[in-house]
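Participant: Handing you a structure now.
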Amino acid sequence: MCGIWALFGSDDCLSVQCLSAMKIAHRGPDAFRFENVNGYTNCCFGFHRLAVVDQLFGMQPIRVKKYPYLWLCYNGEIYNHKKMQHHFEFEYQTKVDGEIILHLYDKGGIEQTVCMLDGVFAFILLDTANKKVFLGRDTYGVRPLFKAMTEDGFLAVCSEAKGLVNLKHSTTPFLKVEPFLPGHYEVLDLKPNGKVASVEMVKYHHCRDEPLHALYDNVEKLFPGFELETVKNNLRILFDNAIKKRLMTDRRIGCLLSGGLDSSLVAATLLKQLKEAQVQYPLQTFAIGMEDSTDLLAARKVANHIGSEHHEVLFNSEEGIQVLDEVIFSLETYDITTVRASVGMYLVSKYIRKNTDSVVIFSGEGSDELTQGYIYFHKAPSPEKAEEESERLLKELYLFDVLRADRTTAAHGLELRVPFLDHRFSSYYLSLPPDMRTPKNGIEKHLLRETFEDSNLIPKDILWRPKEAFSDGITSVKNSWFRILQEYVEHQVDDTMMATAAQKFPFNTPKTKEGYYYRQIFERHYPGRADWLTHYWMPKWINATDPSARTLAHYKSAAKA
């Protein structure tokens, strides 16, 4: 996890423009570098490093003797870099996983390069010999990337939008900044004056398709057919492999543990893999909640079962509300459910950074979208409609859950790893017949639960624990985070403000006082940037006015039982 930043064709003083790159310093607390591009005085790279692999030669932009005309700035982890190196007999100059991008590009061009990368990434690749700039981002947008480009060819790229919004350019007083789409790469021509022109934007991978790099990986052969036992066996093989490949790091590994199904499966499998790899330190797991929260109790039970070194982080309603402003600044969004769910993750990340030496943090993100875990999937009119919705959610992860997971951890210099979004695991899951993946017997994620039924990885009652609204799980049985927020914003936003909301915020007009309050904070930090969020996250197939699961009729909270 790092922060990348680059300018091409700047007509303003670079030393002034470079100040914007410091806005993402939190992403790389270990070192930073600015580097001008030879022969292009108005082009430069900025890099903030979190040293996770190759402490000695990991600074960027990466340049190697064999390709003096290539410059690479990337944020991510390429899990199959050694496999690719051995298969194609590439000669490496460093131990950095990203070096594979240079060799693959030289061998087969940009299209083959991005398709061969098994991992999460956002990159800027400059080829001064062929006068090209390439931008690329992983399938689900696990690693963030934003860009700004003007009609006269000034290009600015950054891991987070906050590193671009204050840049100056002569032709525009307001630089349009937008997220770079996941699963895409862009080819741009580099002109002699350092400015660029976009040639093409290509979608190189759909989440349903088995990735090209699957031809070269070392996963044991999967069994053909869709018999239940066959599918369960294949899923266990792929999930195990998704965790195993993500052990690639020189830093200590930890795991977020809410006590729900997803994080519990990740933590249990991770601990098993660390033991097999003979890692010498105990796995630290982290749970957050208010006193007597259901998440804390469930996470404690899982931690005892698997034998992790467990940390419980307590917070109260005042601490949660106080941190809303900095959370929204970090997130760069005003989406209601994203902000709500980010508070706990932001606070637990802050604790990890301050009190432990765990840096690489595993988490269960992506499972709800992939395995149809949201409660409203019970209302799906057909398995095919549920399949469509699952793919839509995966496509939009970069606006919601993956955005939350990246920004809340990166704000504290941590790197997140999300095995449920592994290319092989997710494409196989999406290839299964639609009716295999739907909720069964009133229980969502039935297939995933069944898959690990006989494994004894986690306690049975956790394996079959129903989905909780995050705002209920982390908070006290007496008073949910959802209710605490409603009571607070009631005093911050009055009815007069709501009556003029459509005039003040014509785009994505907030319909609730909570939404209005978040939007106000967002506009203070990022005025005129509301279009970063295309729409609010909202459940489907029901007449919902709030994204919270606790507003759904199907919702069964343990707090009410």
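Cβ atoms are placed via backbone N, Cα and C, with glycine included.
All TrEMBL annotations are machine predictions without curation.
Here's the feature list from TrEMBL:
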- CYS2: active site, for GATase activity (ACT_SITE)
- ASP97: L-glutamine binding site (BINDING)
- 2-191: domain 'Glutamine amidotransferase type-2' (DOMAIN)
- GLU365: site 'Important for beta-aspartyl-AMP intermediate formation' (SITE)
Participant: Please report the Cα separation of CYS2 (active site, for GATase activity) and GLU365 (site 'Important for beta-aspartyl-AMP intermediate formation') in Å, rounded to an integer.
Facilitator: 20
Participant: For GLU365 (site 'Important for beta-aspartyl-AMP intermediate formation'), which residues of its chain lie six or more apart in sequence with Cβ-Cβ distance below 8 Å?
Facilitator: ASP262, LEU397, ASP401, VAL402, ALA405, LEU416, VAL418, PHE420, LEU421
Participant: Within the domain 'Glutamine amidotransferase type-2' (2-191) only, compute the mean pLDDT.
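Facilitator: Taking every residue in the domain 'Glutamine amidotransferase type-2' (2-191) and averaging pLDDT yields 90.
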Participant: What number of additional C-beta atoms lies within 10 angstroms of the C-beta atom of the residue listed as 'active site, for GATase activity'?
Facilitator: 27
Participant: Within 10 Å of the Cβ of ASP97 (L-glutamine binding site), how many other Cβ atoms can be counted across all chains shown?
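Facilitator: So the number of other Cβ atoms within 10 Å of ASP97 (L-glutamine binding site) is 25.
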